[in-house]
Amino acid sequence: MLTPWGLFLCQLAINTSYHVIKASLCLGGSDIFATVSENSPVGEFIANLSIVGDPTGVNSIRLCLTGENANWFYLEGRTIRLNSSVLRVLDRERQGSVLMAALTCYEDDIIQSEYRVIVEILNENDNKPRFFEKTIQPRYISELTAVNSVVFTVKAIDADGDTITYIIDRALPDASYFRIDLPNSGKVILDKPLDYETKTQLQLVIYAVETNTKEWYNTSASLTVNVKDGDDQYPQFLPCTPISQDNNHTVVCTNPIYAVNITEKDQDMLLNFSPGPIHAEDGDRSLDTPLLYSILSGADKNRFQIDNQTAEITLTRRVENRHLTPIFRLRIMASQLNDPKKYSVATALVRVLAENRFPPLFNRTTYKGFIIESSSPATLVSTYGNEVLLIQAIDQDFVDGVNPKMHYSLPPTSTATALYHITQEGVIIAKTDRLRPFERHILEVVAMDEESGEVAKASVDIELLQRGQPVPRTPFGEERLFRDMDVRMAGGIMGGTLLLLVTTLFLLIRWAKRRRRRDPAGRGAVALGKHPNVDLHEPCHPLQAP
């Protein structure tokens, strides 16, 4: 007979044996190490469990996944599968390279065993390279930057960790200014000199390409390179007179020759040069460095003085004898204030002339011109009487009134300059094929004394006549028919008319004479008041014997 103590021990042994048998269902497992590719679909196989018990059996055990990444898995019997979806794709670049969870086995809600689940996410090439924004911002490079120096560096990153090579798109014309020597470095090197005066902005396209993948994914970036002006140009007197152009389309200029005329009486006056005013500017336009002006030679003991900032030249005293010094040649220098070694020199000529007492004058304010419609490309403008219109200004400083230095022109702002041209002899040429009948143009002619600079102006009223229409002979309108005819033709017509009248009168007289001779008796009867058919005389009969 069992004692109470023995009964207790027996029951304890039975319970202990039962739990050992049940606990063995969670045994046999181990930590799980697996791999899965990113972007794998939902239900992708992860691993099989090696525990003894079957979660779906009668004496079922309960399995539970816990941990930070447990929601990426689900259990299907003794198999772990990927729990992804269309809206939740497994992305190694976002999620990380490893998923970790814990697998716990329960019996009667009592934890019997626990295993680690470690799943490595395998990388797939699903990302393109991407440039860092700060490395592709607009760049500013001085035109004085040395060739073969690194001017900037671009940087791109590939989320998949692929090797990146940088390539410059050579299809663009500005690509010739740059190169990349080390393709994986992204360092852009200046390949040829920059010139602000030729090109102030360059456009560049750089590709970042994967070189260790079969896909060769790539991306591109457009860069703007702004060229900064450097102090590499010398001053230039204006206006610029181009003489050549180099391969970079840089215009090479020659300095102008400034000229002015003075008389022996002139003194203490500013000289107005042509072209003028005398002015130079820094060849580096954007820097616009201040310039200093000076007279290198020809000042004639300060007879000519120059303002070193404005370049205005003053004549301080008169010229005593123009025959001894008919011309002065001044050498003007413009140098940079911050670098006197950068300078330019121009010539200014001062001509001494006889005193000009009379300005040029036209003998009338308005001239009248005519053009007859024609198919020829050009014709001379005529005036009354179909004579060539000659416009000349008179200068009383000359005995014959003709100034050989008189220059005739039409204002360039006038629309008529495209249709007319005036010669230096004062003859106006019209482009007839571009004119139409009944048109009327008012031109302004300017006569300038090239020595004194004095001008005179006159207007020309031009009418276009129809083909065959005569040019008026006088300014008083159209004349009568006989005034327009030739004198000989008018005389011929008058003579013919007079001859016709004489002939008619002669015929009338002759007809009258013939009528009087036709019937004398009748004329006598009529005179006696009798009918002309009545015979007043008895017939004469011979006498007969009884």
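From the backbone N, Cα and C atoms, a Cβ is placed for every residue, glycine too.
Here is what TrEMBL says about this protein:
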- 34-131: domain 'Cadherin' (DOMAIN)
- 133-237: domain 'Cadherin' (DOMAIN)
- 254-362: domain 'Cadherin' (DOMAIN)
- 363-474: domain 'Cadherin' (DOMAIN)
- 489-509: transmembrane segment (TRANSMEM)
- 521-546: region 'Disordered' (REGION)
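Taking DSSP states H, G and I as helix and E and B as strand, the domain 'Cadherin' (34-131) has 7 helix, 46 strand, 45 coil. Secondary structure of the domain 'Cadherin' (363-474) per DSSP (helix as H, G, I; strand as E, B; remaining residues coil): 10 helix, 48 strand, 54 coil. With DSSP states grouped into helix (H, G, I), strand (E, B) and coil, the domain 'Cadherin' (254-362) comes out at 0 helix, 50 strand, 59 coil.
DSSP assignment over the domain 'Cadherin' (133-237) gives 8 helix, 44 strand, 53 coil. Averaged across the domain 'Cadherin' (34-131), pLDDT in this predicted model comes to 87.
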